[in-house]
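Marked as ATP binding site by Swiss-Prot on the basis of sequence analysis: Lys46, Gly53, Arg54, Gly55, Glu99, Ala102, Glu107. For Asn199, Asp213, the entry in Swiss-Prot reads Mg(2+) binding site, with the evidence type sequence analysis. Under the heading substrate binding site, Swiss-Prot lists Asn264, Gly321, Ile322, Met323. Sequence annotations record features per position, and here Swiss-Prot assigns domain 'ATP-grasp' to 9-244.
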Amino acid sequence: MNIHEYQGKEILRKYGVTTPKGFPCFSVDEAVQAAEKLGGKVWVVKAQIHAGGRGKGGGVKVAKSLDEVRKYANDILGMTLVTHQTGPEGRLVKRLLIEEGADIKKELYVGMVVDRGSQRVALMASSEGGMDIEHVAEHTPEKIHKVFIDPFKGLLDSEADDIARKIGVPEGSIPQARAFMQGLYKAFDETDASLAEINPLIVTGDDRIVALDAKFNFDSNALYRHPEIVEMRDLDEEDPAEIEASKFDLTYISLDGNIGCLVNGAGLAMATMDVIKLYGGSPANFLDVGGGATTEKVTEAFKIMLKNPDIKAILVNIFGGIMKCDVIAQGVIAAAKQVDLTVPLVVRMAGTNEELGKKILAESGLPIITANNMAEAAEKVVNAAQGK
């Protein structure tokens, strides 16, 4: 689960991390009132969406008068903001963050992520703040410094100080940087975050360490322990199809292809997408119906997939272990009839009640294309999507 920048900063402040003063706003008038409340002569008007690259897309503006605050708030609220992370369709901006301006002397990067290789939280830091960290990793990897944090000891003073010096924190600001990194780690650990990024972390003109931005992702499997974080969820920022799928315990992720996939098991689902790509096709989604899918769940899965107008064909790939092939066959037929299926449908199933499932499909009277293995299924669905 993702949250907005202003929500991430609320979490950081609870752990002693310094951030600019600011207020979330949902209207132009609220934005002006927030600037008046903050005082000063410079404010930053920031679009709040779940994507990076907002500044380059025109979603972050520096205002030097209340009139400019009003103008920029009016421009940004309601705009469709397109960044390298939103895709060409962009995101509709429905909320803003109005912050006090900052005197920036140096921009740094600090992030944390769960590292599967070391089975620890990895702290990553760079002197190249304000840039896309993937770009830095590709072109100047020597500028990224890492610490793999021992969960029993936490981030040690010596580790934090060493990282701070490597990324160019002024010597007099090292204690602040240490406190920041240890606060960030504590926030990461106690909220069950899967990713935290501060980009940029700045050194101000008077050598203060301030988190100018904040990005948090959380482990969805741990949200039951954090109702206060669940309350931060913004459904407007999520794919409606993924929200609908979650209501039926379906794991659904939208992709940009034209072949719908309905599979049981995450591993088989990924293998199915790989084989589709191998045969020249492009999957439109990842959809795992799980091991205990019912006819109702399969029907709902079809409905969700077919809301995507780009889908030209559907592949159902089922291994009947806990999931029986005859149940899937009944669900496929019910779904095809209920949604008035108009795109080609390829079904490959193997395992428990396989022959019964195939018999049910054959006797359904529907134009279902069957396949005996994954390669055959992928080839048939790719050809069908291409109108062959």
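Using N, Cα and C of the backbone, Cβ positions are placed for all residues, glycine too.
Predicted, not measured: the structure shown is a model, and the values here were computed from it.
Known features from Swiss-Prot, placed on the structure.
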{"residue": "Lys46", "record": "ATP binding site", "DSSP (3 states)": "strand"}
{"residue": "Gly53", "record": "ATP binding site", "DSSP (3 states)": "coil"}
{"residue": "Glu99", "record": "ATP binding site", "DSSP (3 states)": "strand"}
{"residue": "Glu107", "record": "ATP binding site", "DSSP (3 states)": "strand"}
{"residue": "Asn199", "record": "Mg(2+) binding site", "DSSP (3 states)": "strand"}
{"residue": "Asp213", "record": "Mg(2+) binding site", "DSSP (3 states)": "coil"}
{"residue": "Asn264", "record": "substrate binding site", "DSSP (3 states)": "coil"}
{"residue": "Gly321", "record": "substrate binding site", "DSSP (3 states)": "coil"}
Rounded inter-Cα distance in Å - Met323 (substrate binding site), Ala102 (ATP binding site): 57
Nearest of the binding-site residues (Asn199, Asp213, Asn264) to Lys46 (ATP binding site) - Cα to Cα: Asp213
Length of the line joining the Cα atoms of Ile322 (substrate binding site) and Glu99 (ATP binding site), in Å: 54
Pairwise Cα distance for Glu99 (ATP binding site)/Asn199 (Mg(2+) binding site) [Å, integer]: 16
Sparsest-packed of the listed binding-site residues (Glu99, Glu107, Asp213) - C-beta count within 10 angstroms: Glu107
Set of same-chain residues at least 6 away whose C-beta sits under 8 angstroms from Asn199 (Mg(2+) binding site): Gly52, Tyr109, Val110, Gly111, Gly129, Gly130, Met131, Ile133, Asp213, Lys215
Candidate with sparsest Cβ neighbourhood (10 Å radius) among Gly53, Gly55, Gly321, the listed binding-site residues: Gly321
Site with most surrounding Cβ atoms, counting all protein chains shown within 10 Å, from the binding-site residues Lys46, Arg54: Lys46
Residue pair Glu107 (ATP binding site), Asn264 (substrate binding site) - Cα distance, angstrom, rounded: 46
Model confidence over the domain 'ATP-grasp' (9-244), averaged pLDDT: 94
Listed binding-site residues (Ile322, Met323), ranked by Cβ neighbours within 10 Å, top entry: Met323
Cβ-Cβ neighbours of Asn264 (substrate binding site) (radius 10 Å): 25
C-beta crowding around Ala102 (ATP binding site), within 10 angstroms: 18
Residue pair Gly53 (ATP binding site), Asn264 (substrate binding site) - Cα distance, angstrom, rounded: 36
